[in-house]
Amino acid sequence: MPTNYRNFRNSVPWLILALEVVFIILFFFFFSVDGASKAQMSYPAFQDVNHMVIFGLGFFLMFLRRYGFSSTGFNLLIIALGVQCSVLMEDLFVFILQKEYEGGLRRIGKATVSVTAVVISTGAVLGKTNPLQLILMTVVEIIVFHVSRWMNNIFLQIPENISMMHVHLFGAYFGLAVSSRFSEPPPRSEKNTSTPKSDLLSMLGTLFLWVFWPSFNSVLAANNKSKAIYNTYFALAVSAVTAFLLSVLTTKDGKFRMAHIHSAVLAGGVTVGYTAHVIEYPWIAMILGLLASVITILGSYCLQRCLYPALKIHDTSGVHFTFGLPAVLGALAQVVFLVI
């Protein structure tokens, strides 16, 4: 919340109203009825992804003591606006490329997956931006993300479901780019601290994400959904076990640090998002989960001590080593699979 309440009341409500009016007009003219595409989405699958984005990522960002309500509340506002913008962008590219319209539920599901990039970016700028800036970032990032996906599909011939899994990579580095434009709060500032209660709620969000991640990786797969689910589960399981192992080995007192576990247990699911539907043997997914957890924990030490001070980057929620580095590993694994 900005310090000047009058400016807040004179800007944010009217921006939201203007966006909603534009969305309603565009939906009236451009949103079509359900298409005849064979690739449909079941409501339970959409529900899992919706729970993951709203509850999981909402609680995941609640670790700062002064931004608990803001994290969950602004997360819902961003998702509600972002899904509408994403559906319109998807329909625009379908119209331009003369593709077949998909079913309405699948379009909303794809839009919800796309908004994940915005929520991840929010974690990098949490505590430094006001609602007006977050709303503008949401609209801009959704547009840029869809343009990026369109370029990947047309010029690089990347399949639809794999290009959608760029949400982690895109969201992490877009958020870091935005974060570099804001000043870093003092290390001992009240805005930069947490409480046991906020840490507990944030860990609850991690558990939500861990449970629903197999649905997230398989929701857009045209085939081999069951293969994507069990590969994702095994990768998550190994990354969780490795996170506990490395947490003990890397701390001075030899105890578990929930900060490590909070980020590293999800690394396996991020990494296998590109390849979960094509991995033939679970041990391959397990190796990827192990490597993802290792680079998450070790990367957090190297980045925070060496790279971030030099580049003047302040990553509030650690989205770089929670989502960015595992996504880079997953992209490299996808290239290796394509070559093999």
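First residue shown is number 1, and so on along the chain.
Backbone N, Cα and C atoms are what each Cβ position is placed from, and that goes for glycine too.
Any TrEMBL annotation is an automated prediction that lacks curation.
Annotated features, as they stand in TrEMBL:
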- 12-33: transmembrane segment (TRANSMEM)
- 15-338: domain 'Ammonium transporter AmtB-like' (DOMAIN)
- 45-64: transmembrane segment (TRANSMEM)
- 76-96: transmembrane segment (TRANSMEM)
- 108-127: transmembrane segment (TRANSMEM)
- 134-151: transmembrane segment (TRANSMEM)
- 200-216: transmembrane segment (TRANSMEM)
- 228-249: transmembrane segment (TRANSMEM)
- 285-307: transmembrane segment (TRANSMEM)
- 319-339: transmembrane segment (TRANSMEM)
Inset, instruction - Return the stretch with the most CB pairs under 8 A relative to the transmembrane segment (134-151), choosing among 45-64, 76-96, 108-127, 200-216, 319-339. - result: 76-96
Inset, instruction - Return yes if the transmembrane segment (108-127) and the transmembrane segment (319-339) have at least 3 CB pairs under 8 Å (sequence gap of 6 or more), otherwise no. - result: yes
